[in-house]
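Features of the protein shown, as given by Swiss-Prot:
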TRANSMEM  4-23  transmembrane segment
TRANSMEM  28-47  transmembrane segment
TRANSMEM  57-79  transmembrane segment
TRANSMEM  86-108  transmembrane segment
TRANSMEM  151-173  transmembrane segment
DOMAIN    186-270  domain 'RCK C-terminal 1'
DOMAIN    273-356  domain 'RCK C-terminal 2'
TRANSMEM  365-384  transmembrane segment
TRANSMEM  389-408  transmembrane segment
TRANSMEM  415-437  transmembrane segment
TRANSMEM  457-479  transmembrane segment
TRANSMEM  484-506  transmembrane segment
TRANSMEM  519-541  transmembrane segment
Amino acid sequence: MLDILRDNPLLLLFIVAGIGYPLGRVRIGGIHLGVAAVLFVGLAFGALDPSLKLPEIVYQFGLALFVYCVGLSSGHGFLRSFRGKGVIYNLLTLGVILLAAALLLIPHYLLSLRPGETAGVFAGLLTSTPALAAAVEYLTRAGAAGQLSDPVVGYSIAYPASVLGVILAIYLAERCFRIDYRAEARTLKDVPGVSPEITCWTLRVCRPKAFGRTVRDLVAEHRLQVVFGRIRRGDHADVVSWETHLEEGDLVTAVGPVEELERAAQVIGCVSEVQADLDRSEVDMREVFVSNPEVAGRTLRELNLPNRFGAVVSRVWRGDLQLLPYADMPLELGDRVRVLSRRERQQEVAAYLGDSYRAISEIDIAVLGLGMALGIGLGLVPIPLPGGITVRLGLAGGPLIVALFLGARQRTGSLVWVLPYSANMLLRQMGLTIFLAAVGTRSGYEFAQMLTQPRGWAILGASAAIIVLLSWVMLYVGYRWLRIPMGLLTGMVAGMQTQSATLGFALDQAGNDLPTVGYAMVYPMAMVVKIVLAPVIIAVLT
């Protein structure tokens, strides 16, 4: 059987994925590994024979595909995150990484580790292959060819312990703080990846200060975060525009979170018992898929639907996430939008947005290939650092940074960079599964061999203890002191660790896309800092 698997890496890949993926759904004591279970199944198979490993190209392909898709979906939120507390979040991550380097001095001296081994444990502890490469390159430049295996050994031991340790820390934090991700998501505002619960109220204009005022003036003056849909004046109904003047007795529908609707009611009058949204005789609503490439990547402000069609977008569904539209929200391929317009213009609006389910099931391979090529190319560019060290962003950093940039831009001319939500999720999951299966089989044998030695167990135990402590410190400080939402924070922990498996677990636990925002927010800084620190550790300890 081993000979068959050795000679057929594709068979090995699908067996590891086929066993690991369903195994990750099994809950033990309320916890499940999710897609991260593929990594541990890969380790088990890799431990059986040194030649039982997937080709390097498989690992590279899965990693590049996964991080590129994560970057595309996080690009818009990544830039928005730095308008608020993004700097604080990155400083927290930086502090934890520096703490990791400091704590490694304990096992370095207690276990008499060589500098290269300590640097390898650092890279494995924070699961950074680029940092491992930087450590190996430093030893090569220093003429220490006989020590090139030291970082690799330390990395192979610490890596699996680190992944499991962080997952354990997240699980303990969820239990300790009694996290309810759904309840948490409902309370969040202006955070990419989640949306508070949205509902529709009918408001009656009965406050004198609102009489004769335009919707634009009232929204700007009171900063109302609601979408006004239709207005009923006497027996006549129409779609609300920015220039609509409100008169006494008007019935206006508004969509938004309950607390914002309460504010809107206080501004213009009161809540009406009449449900004006049920009257569809003149103004109707229709849910439409965004499938027109000419529309994708453009903001609602650019599309200017009220002036073009007399239409208003009142809700946007992206995957399972229901979003409240705002002027600078870019529409993406695969979005499902609820459009209000006069009945005679419904078909016209739908045709403009696309409304083709088949179209959003297709992927522009040319654009996908171009984007990934740009990312892989960036990862190959050598970056000189002080001390004669040259590093590269690699397959993890290059595609992610390019994808963050492209995801923020959404489109360039006729090129639509973002993928339909369903296609992005499919490619992301496939890439992550391939990556985990490959890295598990490639590390399994060395990992098993080191565990036959007491020293290997000591390094493993120290690595596990340090990463659990680091993760717990980050989770506790972030949640208790900085009041960071746990969904965002678990993604930040995965970004600090630059670990796709941890992100997969965090996504499974949260049930929304908030962890990807935290991951993308801190990943670039974390990756660069670890690349710099790995050779510095060797230089300082030599």
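Quick reminder: no glycine exception, Cβ is built from N, Cα and C everywhere.
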Against the transmembrane segment (389-408), which of these stretches has the most C-beta pairs under 8 Å: 57-79, 151-173, 415-437, 457-479?
57-79
Reported in the order helix, strand, coil, what are the DSSP residue counts of the domain 'RCK C-terminal 2' (273-356)?
23 helix, 28 strand, 33 coil
Looking only at residues six or more beyond either end of the transmembrane segment (415-437), which have a C-beta under 8 A from one in the stretch?
13, 16-17, 20-21, 35-36, 38-39, 41-42, 54, 58-59, 61-70, 72-73, 75, 293, 296-297, 318-319, 332-335, 360-361, 363-364, 367-368, 370-371, 406-407, 409, 500-501, 504
Run through the domain 'RCK C-terminal 1' (186-270) and tell me, per DSSP, how many residues are helix, strand and coil.
24 helix, 28 strand, 33 coil
Checking distant contacts: for the transmembrane segment (86-108), what same-chain residues at least six beyond its ends satisfy Cβ-Cβ under 8 A?
118, 121-122, 125-126, 458-459, 462-463, 466-467, 469-470, 473-474, 477-478, 482, 484, 492, 495-496, 518, 521-522, 525-526, 529-530, 533, 537, 541
Per-region confidence, the domain 'RCK C-terminal 2' (273-356) (mean pLDDT, whole number):
90
Can you tell me which of 4-23, 57-79, 484-506 gets the most C-beta pairs within less than 8 Å of the transmembrane segment (151-173)?
484-506
